[in-house]
């Protein structure tokens, strides 16, 4: 027996079957670094213009987590795909370095020493801490295969950035949008600082619940409510914050609600009629009598008395009073609530909030001096009981604001702060108009979400009572407390920040005399004793001005950015602050499109939590599977929802990755001897090869459209389907015989090889943004004669992706053939199951087709026998089909007969032939194989 295996053109490539990603990826990272693959990518693009994805800066604190990995990989996919499409898309990574988390870490490290250290010394420690984690995170992001200007990031603590932030504050001042006033704001007693809306999280919290009556001794009660004795009249409120009762200044009722006077014993109590039943149940009053009804508007101006202080609490009107819970009469403390504050301004009430920064009552607060607010809660209830004004007491679990950093409950507290005014210069309306008209929101529900947040948000509190951040550039009069913040002066100070080695440390290190303009006098009192403002800017203002510090300043960027991409929580964070900062100073949004992704959750959809023990770290996945599998995970899911990750999910992706890799390996193996000179033009290719290229080209178009529309799960599924269904299960399966058995330089084989090369180059381009490591590895194994002369797969010019597509008629004919092939497989199956045949090559198939189908099959111009992978195939008229022919339910125009092929199996190609041994030198070969070996045929 001859060894004919050596005469076959078997696949040949050094591209390894086993990925070994954990070992090979670091090698590829070093290669990219050495070759400046990122620079090469950017230099090769630009034919289609520019594209700016502006990076939302992660916080420089701790190692990266799965949310970071998801975010950075998504951005990397976009940047790489845009460059490969011909857009010059550079990526400038950023870091957010100021703020409370770092300051608290440093505070913990320093302990008591911090109290005696100058501000600039503490700030130096904060800077060192941020630099440490910036470097750690940079290494971790690069390990993910993310391309970017890693040696030239933007950093919010760099002098140029701090100067830009201070300059933007000056721009707000110039337009009148920066104001200083006393208002209730979120306050964290633990961190001892004001908080922005974006720094508040809502968690369930159990609070005391009390119904309290306010004596209504006003003589006018008898006029408004005849028959009601003022000496025994009360108005009833309900609150879950008893500690705010010492600061009560009024009771609010709704002007359009009906209220009732309920007699119980000898006393009269006013509550809303719509809440009467709930109140009676809470008070546990079995016996009562409704003695009067009155509209809320008629109660305005009556003077109630505070339940335990000798001072009035007038009845006022407010539209925010509801009938959802309580009594319909609302305890009003203007120093502790936003709506209360607005009501207080309208009625001239005292904005009273006698608390220290740590949440203790001042000494002036009778009964509760020195107590924290939470210590005071039971004491206030005790006092109410003592004076006889507590009607009911209980506990309630409700959603309550907590500090994002320390996770402790926060309070509303009126303090003097700096604000960006939402109504000045029409900031709110301009922002709402921009949200509707100028920005594309992906997903579309993002528009409504941020619109609602902007529409109802209060003025933006931008001051923080901390040290690590950009100082609010202002002077305070020591004689009267008035603030001075001339816009030109503020911008001049900002320029000094830019020139100072450590930026805005200038504010802390420079003598007051060098900062205060000569001869400056207070515009309010005429005094000339000044001090520097010690408050710093909200870090959301810091990061929100990145468009001014980066997008407008870096030559590789351009304002406005094409895309901001972050997690869905950033509608209240970076998207929000950036929009207000840009609209407030430029009148336009800083972005054209905003894309949001969901949160990473475990395989059961649960939020990741250390206490639950379900946290998955990116490094764990990289160490086990490689970053490539993590990248594939990002591309495989619809990231606009919450994204699940588990070992089971990753194992499925490992299998999918293996199929894609094996397809690439097979393609590489079969083009090893192809050269540009031996390639076949598209028009001259075998029709099957043209169809395969059409399939790949259409997949390529769908993939490129998916990249453009940010639908990366479609990229993955299209690529995977191309490999598994169109190639492995169809085209490559058919092609093996032609590739292996044909003469090496035959037209049939060269046509197939050309198609495989074209398909591979399309695939490599389509894979590269997602499977970056593998695409580069595959590209490196493309035969040198065929490989484009570029240093990296990412430097392929956009013009190198021609489309090889068929016309609609030709495509329809091939799709019909696929349907016939599928039906024929069904017809063969009974013989395979019975053991009569082992493989489709053991069969002789006859297709009985109506005239239209027969013409379609015969008109394809390709070897039908090869496409059906049988040893013999005939096409006959449907009318000639025997009665026992297999009938297709899907194609009524088709019937099939299958029988065992006659003859013997060719030792070289395994096709069964009745004509073996036509050449005595090769008695076990079919005529085709004999012709190949003797050089007389293909």
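Just so it is clear, glycine is given a Cβ too, placed from its N, Cα and C backbone atoms.
Within the set 597-601, 602-606, 607-611, the record from Swiss-Prot flags 607-611 under the feature motif ''KMSKS' region'.
Residue 566 (L-isoleucyl-5'-AMP binding site) carries a strand DSSP state (E or B). Cβ atoms under 8 Å from those of the motif ''HIGH' region' (58-68) belong to residues 95-97, 99, 101-102, 105, 129-131, 133-134, 136-137, 140-141, 567, 599-600, 608, 615-619, 645 of the same chain, restricted to positions at least 6 beyond its ends. Residue 566 (L-isoleucyl-5'-AMP binding site) and residue 909 (Zn(2+) binding site) are 56 Å apart (CA-CA, integer value). Between the CA atoms of residue 926 (Zn(2+) binding site) and residue 566 (L-isoleucyl-5'-AMP binding site) there is a gap of 63 Å, rounded to the nearest whole number. Each of 741, 907, 908, 910, 911, 913, 916, 925, 927, 928, 930 belongs to the same chain as 906, 909, 926, 929, is absent from that list, and has a C-beta within 8 angstroms of the C-beta centroid marking the Zn(2+) site.
Summarising the environment of residue 906 (Zn(2+) binding site), the number of other Cβ atoms within 10 Å of its Cβ, over all protein chains shown, is 24.
Least packed by the Cβ count within 10 Å, out of the binding-site residues 909, 926, is 909. Non-local neighbourhood of residue 566 (L-isoleucyl-5'-AMP binding site): 56, 71, 573, 574, 575, 596, 597, each in the same chain, at least six residues away, with C-beta under 8 Å from its C-beta. Using a 10 Å Cβ-Cβ cutoff, residue 929 (Zn(2+) binding site) registers 25 neighbours. All protein chains considered, the CB of residue 610 (ATP binding site) has 7 other CB atoms within 10 Å.
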